[in-house]
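What Swiss-Prot annotates here:
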TRANSMEM  33-53  transmembrane segment
TRANSMEM  63-83  transmembrane segment
TRANSMEM  111-131  transmembrane segment
TRANSMEM  143-163  transmembrane segment
TRANSMEM  175-195  transmembrane segment
TRANSMEM  197-217  transmembrane segment
TRANSMEM  241-261  transmembrane segment
TRANSMEM  273-293  transmembrane segment
TRANSMEM  318-338  transmembrane segment
TRANSMEM  358-378  transmembrane segment
TRANSMEM  381-401  transmembrane segment
TRANSMEM  407-427  transmembrane segment
């Protein structure tokens, strides 16, 4: 016998996977977007607060060291967001699929726990080969916190995916906010106590326990965490592997760019600290909320599976409009904001900030087309697009240009490769 969404079961029980809203509603409805949008705004503010406190507490040289760890953690957790994407797609797609009632089941949260443990072992075990090149200070503490923090984040990302797939947007937003607030609390304590670089490294990973707090305090979150999806664990892992590869490539551009910059530069120094801060400030207004709404976007594109290219138009127009305003604002008031907010040592030109904002728009568009590819189960095209964009950006960083110029060229032109790959694949599915 074949069944639809009811085939998703909780451990030891049978339940609908869609919460109170139902499968068909809520992905980009005003209520869910407002809740996730509010959570994204709070998350962005908290992220800015951590960056601000670190920049004020550390000189540009010290901030470049912190920025590399911040980027390294963003890189590995960005890759782990592939678990969020695949879990969202698996759970959400069940409303449109027929599955065998007596087939095998997968418990995504348990699988992600195994993935997290494996990631911890790989990072810690391989660290003697690369950590000396990446972490200039607090090397072994950085390795330990990177490994443990990633293990926790694998569970965090999967739980977000289960909440998104079941329309539990209030809990989805609460989990995001809990992560961000924990980080800023530790950063504020570091600023007051004077813990310097070590404290900000701790602050970076502190939010990785947020998933556990949500499970302890939220019954709807516990209900989502118990869900099982049809199919073998190997099937889930194959889909997740493509998403993780692509998400890892995207994370290099979105969060891990300071690491890529470090690996392609002899010495970052104070100039590198200014460039890293400029990249962070210009992209956060677009990419933080867009990343936070990955669950909404994937669910939306699954629902609009018959016209995926057309479904891209409205969000792409919104991103373009916000980006145009952002470019103007960055060019006019950006240098002044950097001097006033972070100190006279952080000097940046209007042109650099405006072009970096344009580069953020390119990455945002790539993120959007990538979400559509995931929703269409185009895992190979999704990963190929992001890997192509990352390789392109990495090669452009090797150009014999100034640090500022090659940063802009790499971040602006590299994503165009991936956008093209995604659009071609999506167009073929609509034929």
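Cβ coordinates are placed from backbone N, Cα and C, and glycine is handled just like the others.
Values in this document were obtained by computation on a predicted structure and should not be read as measured data.
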Report, as numbers and ranges, which residues of the same chain sit near the transmembrane segment (175-195): CB under 8 Å and 6 or more residues beyond its ends.
-> 36, 39-40, 42-43, 46-47, 49-50, 53-54, 56-57, 156, 159-160, 163, 202-204, 206-211, 213-214, 221, 292
Run the contact check on the transmembrane segment (358-378) against the transmembrane segment (111-131): 3 or more C-beta pairs under 8 Å, excluding pairs closer than 6 in sequence.
-> no
Taking the transmembrane segment (143-163) as the first stretch and the transmembrane segment (33-53) as the second, find out whether 3 or more Cβ pairs fall under 8 Å, excluding pairs closer than 6 in sequence.
-> no
Mind checking which residues of the chain, 6+ beyond the ends of the transmembrane segment (63-83), have their Cβ under 8 Å from one of its Cβ atoms?
-> 51, 54-55, 108, 112, 115-116, 119, 123, 134-137, 142, 145-146, 149-150, 153-154, 157-158, 161, 197, 200-201, 204-205, 240-248, 250-252, 254-259, 262, 268-270, 272-273, 276-277, 280, 291, 294
For the transmembrane segment (273-293), which recorded stretch in the set 111-131, 241-261, 318-338, 407-427 gives the largest number of Cβ pairs separated by under 8 Å?
-> 318-338
Contact yes or no, the transmembrane segment (407-427) and the transmembrane segment (241-261), 3+ Cβ pairs under 8 Å, gap 6+ | yes
Same-chain residue ranges lying at least 6 outside the transmembrane segment (33-53) that approach it to Cβ under 8 Å = 70, 169-170, 172-174, 176-177, 179-181, 183-184, 187-188, 190-191, 200, 203-204, 277, 280-281, 284-285, 288-289, 292-293, 295-296, 341-342
Which listed stretch (111-131, 318-338, 381-401) has the most C-beta pairs under 8 A with the transmembrane segment (241-261)?
-> 381-401
